[in-house]
Amino acid sequence: MDSSTAALATASAKLDAVAQQGSSSWIGFFANIILGIISLVYSILYSVLKLTTFSIPSLLYTLFSTSLTVTMNATTLMLIIVLVFSLVSWFVRYRYLNMYSRLPPEPQRKEPDVDLFPDTHPGGSKPGLSNYLDEFLSAIKIFGYLERPVFHELTRSMQTRKLIAGETFNLEEEKGFCMVVDGLVEIFVKSARTGQHPVGESCSIDSDGSDEHEEYQAGNQRYQLLTEVHNGAPMSSLFSIMSLFTEDIKLRHGGDEGGEPTSATETYTSSRYGLGNDFSDQRESTVSVPTTPQLERSSSHGPTLHDGDANPSMGGRVPASIPPMSLDPPLQSRPKRPTTSRHATTSVHPDIIARATVDTTIAIIPASAFRRLIQIYPKYTAHIVHVILSRFQRVTLATAYNYLGLTSEVLHIEKSMIDNATCQLPNFLRGDALTRLKEKFNHERERIGEKDCTKGIALHNSSTGRRRKSTASLRKEAALQAITHGQRPSSVTASPPLQPRESGNKHTSNSGDLLMNIQLSRNGGRRSTSNMDPLTRQSTLLGSLETEVVSPLSQRTSNPFETRRHAHISLNKRETRDEDGLFRESILECMFKAIGLTANGTGAREPDSADASPRLTSYDQIRRGGYSSHNAFGFIDPYGGSVDGDADSITSGGTGPGLPVNPHALAHDMRDEVEIVFFPSGSVLVEQGERNPGLYYVVDGFLDVCMSAADESSGDILKASKNESSLNIGPGNQQGSAGRDRFMDANLGQSSSRKRASNVRRNVALIKPGGLAGYVGSISSHRSFIDVVAKTDVYVGFLPRQSLERIVDRYPIVLLTMAKRLTNLLPKLILHIDFALEWLQVNAGEVIFHGGEESEAIYIVLNGRLRLVEDRQEGGVDVRGEFGQGESIGELEVLTESARSGTLHAIRNTELVKFPRTLFNSLAQEHPNITIKISKIIASRMRKVVDDPSTFVGKEGALKASLNKSSSTLNLRTVAILPVTSGVPVVEFGNRLMGALTQVGTPNGATSLSQSAILNHLGRHAFNKMGKLKLSQYLADLEEKYGLVMYVADTNVNSPWTQTCITQADCILLVGLAEGSPEIGEYERFMLGMKSTARKVLVLLHADRYAEPGLTRSWLRNRMWINGGHHHVQMAFRTQSVPINPTAKRTGPSLKERVQILQAEIQKYTSRKVRHSPFYSPDAPFKGDFHRLARRLCGKSVGLVLGGGGARGLAHIGIIRAMEESGIPIDIVGGTSIGSFVGALYARHADVVPIFGLSKKFAGRMASVWRFALDLTYPSASYTTGHEFNRGIFKTFGKAQIEDFWLEFYCNTTNISKSRQEIHTSGYAWRYVRASMSLAGLLPPLCDEGSMLLDGGYIDNLTVSHMKSLGVDIIFAVDVGSLDDDVPQAYGDTLSGLWAFVNRWNPLSSTPNPPTLAEIQARLAYVSSVDALERAKMTPGCVYMRPPIDEYGTLEFGRFDEIVQVGYKYGLEFLQKLRDEGALPVVEETEAKKALRRTMAPRRASI
């Protein structure tokens, strides 16, 4: 053994040595590898051969040759079969048929939080120099947009003054413009209760003596606190500034100028308020304008001033021979204008003093700065006056008229303005000429009939179309000629001096023919015009541009006006149209004279010299070509322009107050703008609440200035004296039970035009021949406070508003004259109200007040939108309301002196009127009856709260998010259409939506704005600073004129127009392509960067009327800022690969853009894409998606609420079919129980045909006894498992989500975990429909995020209240619930169960059966639902329907066809009955056809 072991060891050692030697070389290494591979292959081949040839055959032989015997009894066999069946059933039941439970989780979308800007000034204003500048700039915002030169001119002589605490400051003596820069100033007004009560016995509103700080006594005179002026607010009122600008403006012009209406105003004011002699004397001195030297000179027409009229302080340096409003040539040497006050002027605000509460710094812009501004920048002076007049109309007059009930005062202003704006036609047009004019209209009246005469008959003017057609080309030609002759100076001294004409000539009847009389009356104006070269006339007057190339007939008409050599032409040799032209021309001259546009007084003050002004001279040198755009109405000059557009906007483009105008030449050249119109007696020329179509001049007949008698029901607020007619209107009573507190009712003229036509009107004033109608409203572009009705057959001259606006823009004297008249005609009360009212301009996101703060003012929205939010206890905020134009906020808190209930912030840039509490207290003490109007507003608001059923469930968490959606959809004034990304056809979308809005009929109409429309309006100011002001004013005017303004963002994402669309929007429609990428687009990023807090709505455009399940959720998942819902809209479109309006480049489009355009064009002809037909197309226009969206924006949506009732709810299908056949659109659907099932089907398909088949299939499943029996389980929570029920609903809806439904849908459930109602608007449809149908006991509650949901009918079986809270106007509510058995019970104090059982089966018993335990539980569950049903029936705008389905049981789904037919027949009969009675609330969707009563659209007379 040892020897063998040794041998093996020796052999192994040898082998190791050999291996070591082999491994030391590469050859040995590779040899070992090869040998190993060969050995492995050999082993594998051997194993395979052995397995196939020996092992497998041996195993098969053994298996087949073996015998197996299995012995099993019947019990074991049955157990095996049951086990296999159970396994298969479990797989089918819980793995195959239970797919609905394995859907990916899609929880309900949470209501997005409201976007709020961070409060940048939580602790008040910050000190320092920057604060000083900010407060100063905010104070002078009242002047509008101030350009740099004007700002410097105003501020270079500004003074500051320190007031210590308690120091008084007499504003009556201060002639400049005062503002508070730092501190607090109280403004007091002299109390009319002087001597009525001893000191300390004041008539206080409160009982706690809080008015002690609101009164101030100086000697025996008591003062009442009017307002408090904080940092950045002006101490002077609007009329303080206007009085400075209009010191030298005459109230009336010409020979018919009478005395100032001092006595009338004084008598009216004294009798109105019982004012003492103190006020009368001050008003007398205020209105007594002839004490001013310049006005004395202007009205006297004499060569010199009276010596006694000169102010001694002026040292006799005022030139006696040069009136400030003269067109005479300037003298060679003119004295320098003194810097001191030129004359003592009584303050516009008497009886007013200021007292500093703390140490205060005030800034004063002296009156001399404003006088200097008039001379240097006359055009901008008129702009400031226009801004002030506009704000006075919108702030003071509108508030006094509609909010305080001061109707008499406002209408007295209208009457006084009518008395001052009169001018008689020349006598030569009063006799035979007027008779011939009437004959022309009489022939036309006989031809067309009396019925069409109410529209008005306009005299035909053949040259109107030719003039308008050639205007643009003539302007270009004149501009080119002006550039060619550019060396001619543009100052007025280039022409010979104009001779002043005799004012009395026009009213003197001279011998001779007609033209002699005309020439004698116009000997001055046309002579100077004829002496000018043609080019001068082209650059001075628009009409001369137009008459250079007109027909010879028109030239022949204008020739007699130039020289006397044509005076011998007889009238009978002229054509009749020349006489019509004379009428038009004379009417225009009278209009010009009445509004202050005369040759002897065309401005506030004549400048020293147009050539000597260093600013004008330097400006003329800067201009290239030397051509100044002095056409009459400031038309856009297509060729001439200034180097500096901003300077051009200030110093040129208009005839300043000191530059002369020839009204005769202007009237001759503009005569084609005038229409001579006949109105029969009773015709309405101007309606209250609408914008004046133009200016009416009464040629013959009488016009009544009226108010609707229906507006007088509120009575006289301030108790006018017995000898004075009551003129108060009270439009608040017309606002209905809804109580929307609009002090500027935009619907007034449109919605109630037919009603007002039939109402009895109360006469306010009479306009006689020579008077003007629509004077104030036309010039100020504000809505009319009055009706103008033809008292007799009347012949009027009509100047359209567009033409009048050009005159006002060109000649500032028109505005200044009206401002002068207003400042001298206003009652004292209106002046004090104007002083206390504060105009605020709030930036987007700025907080007006916080919750819990003291209520110190009422806010009225002039323009913009506000949102009131309330903090949640668990964090975040809830929206309590949104307030648009004309609505007021905070009356209840101010009257009750309670803290603010929430935080108010601006959604966008907003203009507000701040009505301070101190003013309200002052008015209440001086005139206690003035509080009646505000009390009515608060009472109507409280009535709305009581009547609104949603307030009863307002504290429940389910409805907090939607309680105030009604306020978000009501009173929308601006809507922006913003694409998600480039390539979305927003222009086509906007055009279709605009068409739908027109057909739906928005109040006051709607308009659409695009970049091109804005550029056309801005003209040459589109790219300078003045354009910003013009744009903001233009947009504000559009919001007042139209009920809805739509902004279409049709430019690139970074363009200013896109930014404007976002900042101006109350609601932003984000339009995207449903089939496109749901990623956030560049426009959305830009919108988010601007931090807009406007309500945002997503609109998805579909090629087909179908939305894939889950598509909408993919869009909404990343857009938490969508807080206004979403809409699905079908619109055929072609995707654009280039921007909508690509920016034009100087070098032309890039190569890439050209290729894209060519590809798009080629693809239109080469694409072979098969377009599938839409799933469903609406067969009626009222069902169109754009109409549905339009109704939603206008607050005219139609809602359908379907109640629960089991199988009885199948009648909903028939009623929906009847509504479709009756032409009633359905925009929003809500349902409970079976109503949620039928409503969800209709909301998904928006058609009755699909819901019929799907509902019948579901009813068949519910009627199957076997399915019900197989679903039974141990009744621990319910009798069934709910699987069959779930399966039936899931097979109907599949994976569809509520967001994918074509119509807006919601359903309600009862959350028994939190004991409240839940509203579901997102998530899987089948889950929440099933939860809404879960009858307790029959089905188990549905678990949703830890809460158990049951049938929503337990709390509210007819969700009308929630539908109303969504902002729906008309609601059709269908109730199919079972009727409660209210038979009186008398079974005693105890009840035997055995007796009850016997009595139930005893046919001879007359005792009613007592309710069972199940019936008692069911009635207990539906207690709250019964109360909600009664409130729903009383909801305004709700149409309650209950078909006769009481005979059908809750589970009788097998009678499907019968129940549907019952609902269909009932629906047809019910709707037909409403239509026959005229009570069908849905208005036909046709364009509004209104009777044309104005002059531009009547039937013209054939002459």
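Every residue, even glycine, has its Cβ placed from backbone N, Cα and C.
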The annotated motif 'GXGXXG' range in Swiss-Prot, which must be one of 172-177, 748-753, 946-951, 1204-1209: 1204-1209
The motif 'GXSXG' (1231-1235) [mean pLDDT, rounded to integer]: 95
Length of the line joining the Cα atoms of Asp1351 (active site, proton acceptor) and Asn763 (nucleoside 3',5'-cyclic phosphate 1 binding site), in Å: 62
For the motif 'GXGXXG' (1204-1209), sequence-distant contacts whose Cβ falls under 8 Å of one of its Cβ atoms, 6 or more beyond its ends: 1231-1238, 1259, 1262, 1332-1333, 1351-1353, 1357, 1375-1378, 1445, 1448-1453, 1455, 1459
Cβ-Cβ neighbours of Leu703 (nucleoside 3',5'-cyclic phosphate 1 binding site) (radius 10 Å): 28
Helix, strand or coil at Gln688 (nucleoside 3',5'-cyclic phosphate 1 binding site) [DSSP, three-state]: coil
Residues that sit under 8 angstroms from Asn763 (nucleoside 3',5'-cyclic phosphate 1 binding site) by C-beta distance, when 6+ apart in the chain: Asp704, Val705, Cys706
Position of peak Cβ density within 10 Å, selected from the recorded positions Glu673, Asp1351: Asp1351
Cβ-based isolation winner (fewest other Cβ atoms within 10 Å) among the recorded positions Gln688, Ser1233: Gln688
Where Leu703 (nucleoside 3',5'-cyclic phosphate 1 binding site) sits in the secondary structure, as DSSP reduces it to three classes: strand
Collapsed DSSP category at Glu673 (nucleoside 3',5'-cyclic phosphate 1 binding site): helix
Alpha-carbon distance [Ser1233 (active site, nucleophile); Gln688 (nucleoside 3',5'-cyclic phosphate 1 binding site)] in Å: 50
Helix, strand and coil totals (DSSP H, G, I; E, B; other) for the motif 'GXSXG' (1231-1235): 2 helix, 1 strand, 2 coil
Counts by DSSP class (helix H/G/I, strand E/B, coil) across the motif 'GXGXXG' (1204-1209): 4 helix, 0 strand, 2 coil
